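Chemist: Next up is a structure, given as structure tokens.
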């Protein structure tokens, strides 16, 4: 198993290289430049050309890519054209905010989705099951950004229950005060993201519970006089959770991808909002760093799902 994991980790290396080249070319193919209107709206064309030249943006793409790789191996991702700060510092600060939001949304997704899916599957065709199915169908048919906008408008502006922008109050006291402020800022976007993400878990888990209920091993246990509660706990519950555990890695990367919408609408200073801002300002160094980071996390998420599935189900243990 460990040899297979190491082999898959080594496969990530050429994938990252291919992704970096693709992202680098796409970023360079974007129209415009990072200097027009961003530093001085009244800057002359000659001054803009001078800035492009001293930053190496007129060099061939392969020369620019090689220079970027050399700096990367020295721990230098370059300077942000928009913020005039090192990219590593900017991405590091935003990554902490995104991590808070992603962890909270992931915990709430499984904390709510698992019991709801199990309940719907165990009480098939009941009123509660019909209500849960209607909820999942409505959620799947409504765009994610609509859910975010409505939630922000109702719970943030109309009711005033949660902060509407930012990640922490500027006047929050150090220590527990800052922690409480961070939690207050991630509750609404995190819950909205979780309620949207748990739909797939609920539907999938409900289907697994129903299939397990009609399986041969459950019928055999029932025919032996095993109580319904014990059958559900030891047979249906355990076997239904196996496929769900394998999706944990994908769920985490999916939440990171969804953070682009969430952070933009809530003006939450995370990697998603930074990515949108970098595209608008043609900040090539930040764009490349973020896309590579997202791609690397997605690859690790896929590997994590395979490892979890092999750990919880010996029948498909990686050899």
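Just so it is clear, glycine is given a Cβ too, placed from its N, Cα and C backbone atoms.
Pulled these from TrEMBL:
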type: DOMAIN; residues: 95-305; note: domain 'ABC transmembrane type-1'
type: TRANSMEM; residues: 9-27; note: transmembrane segment
type: TRANSMEM; residues: 99-120; note: transmembrane segment
type: TRANSMEM; residues: 132-155; note: transmembrane segment
type: TRANSMEM; residues: 186-205; note: transmembrane segment
type: TRANSMEM; residues: 241-266; note: transmembrane segment
type: TRANSMEM; residues: 286-312; note: transmembrane segment
Chemist: Where, among 9-27, 99-120, 132-155, 286-312, do we find the most CB pairs under 8 A to the transmembrane segment (186-205)?
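Modeler: Stretch with the highest Cβ contact count: 99-120.
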Chemist: Taking a Cβ cut-off under 8 Å, which residues six or more beyond the ends of the transmembrane segment (132-155) line up next to it in the same chain?
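Modeler: Non-local partners: 116, 119-120, 161-162, 164, 188-189, 191-193, 195-196, 199, 202-203, 206, 258, 261-262, 265-266.
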